[in-house]
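Enquirer: So TrEMBL lists the following for this protein:
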| type | residues | note |
| --- | --- | --- |
| DOMAIN | 112-245 | domain 'DOMON' |
| DOMAIN | 296-423 | domain 'DOMON' |
| DOMAIN | 618-746 | domain 'DOMON' |
| DOMAIN | 750-960 | domain 'Cytochrome b561' |
| TRANSMEM | 791-812 | transmembrane segment |
| TRANSMEM | 833-852 | transmembrane segment |
| TRANSMEM | 872-890 | transmembrane segment |
| TRANSMEM | 910-930 | transmembrane segment |
| TRANSMEM | 936-960 | transmembrane segment |
| TRANSMEM | 980-1002 | transmembrane segment |
Amino acid sequence: MQIELTAKANDSNVGYAAVGFSLDNMMGDESVIECSALNGDSLALKISYNINATADPSTKGKPTNQRLSGIEAISHNTFDASTFRFSGNKATLGQSKGCFIPTEAECYQGCNGMRFSWLMKSSNLLEIELSVRMDTNGNAGYVGVGFSTDDMMGDESVIECSALQGEPLSLKLSYNINGSTTTDGEPTNQRLSGDQVFKYFVNATASLSDGMIYCSAVLNIADAVSDGRLKFDTGALYYLLMANGPTSANGLLHHVHDVTSVKPLNLSNVVPSFDTDSCGILKGCFLASNPDNTPSGVAVSYHVGNDSFIYFELVAPSTSKYGTFVAVTFSLDGSMANTPAVECSSLGTDDLSMKFSYNDASGKNVRIAGEESIRNSYFTYESAVFQDGQIYCKALVNVQGSPVSNEIFTYTTSPYVLILTTGGTDKNGLLPPTSSYTAALATPLSRNEAKFNAGTCNVEKNCVLPDECYRGCNGMGFSYKGNDYVIECSALPNQEYSLKFSYNNDSPRNVRIPAEESIESTYFTQSNIVTVDGELYCSAVVDVSGWALNDQVFTYNPAQAYYLLLASGFTDSNGLTIHKHTYVSTPRLLDESDTPPNSFNTATCGTKKGCFISDQPNAMRASYQVLSAQFIRIELSMKTSTITSLYLALGFSFDNQMGNDNVIECSALTGQSLSMKFSYNPSHTNARIKGEETIRSQYFQNETAAITDGVLYCTAVVDVRGWPSSNGQVFQYNANQTYYLLLAAGSALSSSLTQHKTTDVSSPRLLTDYDADSSNGMNSTTKGSLIKAHAILMLLAWFIFVPTAAMFARFLRSSWPTLRPGGILIWFHVHRTSNSIAITLMTASFICILTANNWKWKGPGSHSGKWVEAHTMIGIIALCLAWMQPFVSAMRCNPSHPRRPYFNWVHRGIGATAMVLATTAIAIAAYHFLSIWPHQLIQLVLSLVPLVLILSMSTGFLLVDRKDIINDLNFKKVQRNRELVVYIAVIITAAVAITLSVFVGIGA
């Protein structure tokens, strides 16, 4: 327990402040904690005792305080993650310190109990705590926290709690420098010169006890920054880099444990905020929604301590901390008239605070006379802040009412319709609200909001979530988990909702069970029944052992497969009326120990799960069942003749090729047992993910991994929300993303997977599309060959034949004027023939890629990945322009026709645009499609050469033609040089096309 005591002191005599803990509100026979300075002693905390009055004359018949022998001032230097700070100023009461307490899964090789807390005491002073476990040998080592602007170690100040060898534990400042040649390219921690770094820590403590090291102090930021010993800005956002490891006499050695905060933090903003995660668990909430059902950001929470006190929170978006409000009105009938309200408001330019107000008969909010006189006593433990575009207030509110006015909110157990309003204020009160939100149903404040959590279905419990019901499902949900079975949740006329047993007779009709109400309180325990926001929610732990007095009360038989019948509707005095919505499940055992067999069941492919079944000899198989946005059930299976050092991996690819893919694998690394793991394909190889082993038990639930009768089989419910510490390498599911599934099998080493021996690639699919072809439609070799053929044909078309056609038409029209095979000039023969060949190659290439992709669109809207979609769209436009050119050419007029120049410019413009777009599409593929293009930068440069060459030649020849240096004497020489340049350019573009084609051919 952390305590604080304060009182005004006489300058000449400090005196004491004390608190006693009495059972009868009278002094005597109770323990006391005191903050005192006895004569000649310094101020310190002590424990004493108040004794009852005695006959001792010194007490004069009154109870008195007595010293305890041997008790000295007490200190307690341990890190407390739940502490609150109090400076004697009511405005800071309840303001918590900031804490960074990472979970084991977040840290590299575990956290070892690393903790850091901070609180800005002022703009110049930062209160800090650091704590960590000692190592296994009982050595202190160090724990340090760095303040980084880029979440990477290097160039940041560090506060450390360390015991260098031969020195006691203490707080110090140090610095992380960037990597250099002297540090083998790695960032490292560096000592600050001199020993004056200690002077910046005020009231410093350091202790080693119970296997923990602990340091705390107030850091003088201003002086440390001014002296160049600390790099810190109170207004900046910092990632917290925390590390723990051993020390030497010279400083900190490389860390054993480290972690980085998920997001940058402003250490000045340690203020409370509205926590929606605890809604329905620790508190009730009304989270207002906009008309389109998106969150409005306006909310109220309530937690009833007793009939006298309720803990309230109010939050709303705001652009200013002045002249704004959010208020909750407590209505019995849904109207604002004659209703009390609690508000979080700033009247005009007053500070933000909580207040009582009242809505009069017209619904207008008015001030309550005398209300301001009771605020300090009625709103305790109050916080009121403006931060991150929100106003937020919380307080423990006295709801007993007040003699000041009967308009002040007085709590009753009646159901309230909560009405949230927001808007502006002036100095006299609240202005008419700009937004108003009314809860759908009335509910008692003593009942926390709760809702059906489908996210844990098939993970923590089994569920029935119907999507096809007679007359619609009306949002019905039913779950069971061992003893968590709901029979009926109903409210008969003039009665409250309750859980009951009932019975469906042969009619079939639902009937009441005689005297059943007498067992409800004992058969339904831990019940939670809530009607909030238009939903009815009920849960309980149900006794399913049956009732000896009536066999119509449910008796559970673990061997019985049950059909689960869901129904909803209305009630009358006799019970349930005919249902309005019904659903019947498939038969199932309710026992949660009923686990799937260790084999891949293909019978449910396409119905209950999606499947990818390879036609490779080892019979690789994968299935996926999307349970929610957070969890997917994954199965992997294949034939195998070995039981160790093997793997079957499932990659999730955007472009049907290996590279930048998340992987879920079933593997037995050398010397290890078979299990499911995450890994990553950065390019053509598979890589381990740093720290991934620390999250496996959390991310792979209900796991089965076995090799039986020559068949490897793994299944688990996989958390697919990603892992922030992996920088995107752990699979994160996107419901709108189309994935290619990559199956690969091979041998495993002790720390990695070897090059796969067998692979296969599926057709693209959404993971919610269970009807997707369970096979790939063709083997991976054929698909890869088609993709390479597409690339090579496009390269030949656009980088050999199109440039040749363009250069002959643009630069060699005047060459060979006397040669007219078939009555046509040479340049036109080359132009027409080259373009015809190019269009033929383009068409063949187009057919190849359509076949490889199962004739499915891969452009924008296909969720195939940004660069695949861009490449597809740009390439399609270039192709369409190329296909247009023959038709445009067929409509050309005679060379002497006055409109011939218009044709020329249209024809040239289409050709130039097509060439630019084609070059762009090829450049995207050369740089981003690493699976078939192995030399990224070289390929990008080469893909730009033909276009740059044509543009350069056009500019050069245009300048030459304009200088009038051509005459009858040098015409032939100039033409020969022009022809030579064109021949060289054709050779260069052909060399580029062939080189890039070779790169494609040798790609993976």
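Counting starts with 1 at the first residue shown.
Glycine is treated like the rest: Cβ placed from N, Cα and C.
Bear in mind that the values here come from a model prediction, so they are computed numbers and not experimental data.
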Enquirer: Quick one: mean pLDDT on the domain 'DOMON' (618-746)?
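Expert: Across the residues of the domain 'DOMON' (618-746) the model's pLDDT averages 89 on the 0 to 100 scale.
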Enquirer: According to DSSP, how is the domain 'DOMON' (112-245) divided among helix, strand and coil residues?
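Expert: Reading the DSSP string over the domain 'DOMON' (112-245) gives 14 helix, 66 strand, 54 coil.
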Enquirer: Counting only residues 6 or more past its boundaries, what in the same chain has a CB within less than 8 Å of a CB in the transmembrane segment (936-960)?
Expert: 798-799, 803, 806-807, 810-811, 915-916, 919, 922-923, 926-927, 930, 966, 974, 978, 981-982, 985, 988-989, 992-993, 995-996, 999
Enquirer: Looking at the stretches 791-812, 872-890, 980-1002, which one shares the most CB pairs under 8 Å with the transmembrane segment (833-852)?
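Expert: So the stretch in question is 791-812.
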Enquirer: Within the domain 'DOMON' (618-746), count helix residues (DSSP H, G, I), strand residues (E, B) and coil residues, in that order.
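Expert: Tallying H, G and I as helix, E and B as strand, the rest coil: 10 helix, 67 strand, 52 coil.
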Enquirer: May I ask for the residues of the chain that lie six or more residues beyond the transmembrane segment (980-1002) and have a Cβ under 8 Å from a Cβ within it?
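Expert: For the transmembrane segment (980-1002), the nonlocal Cβ contacts are 788, 791-792, 795-796, 799-800, 803-804, 807-808, 811-812, 922, 926, 932-935, 938-939, 942-943, 945-946, 949-950, 953.
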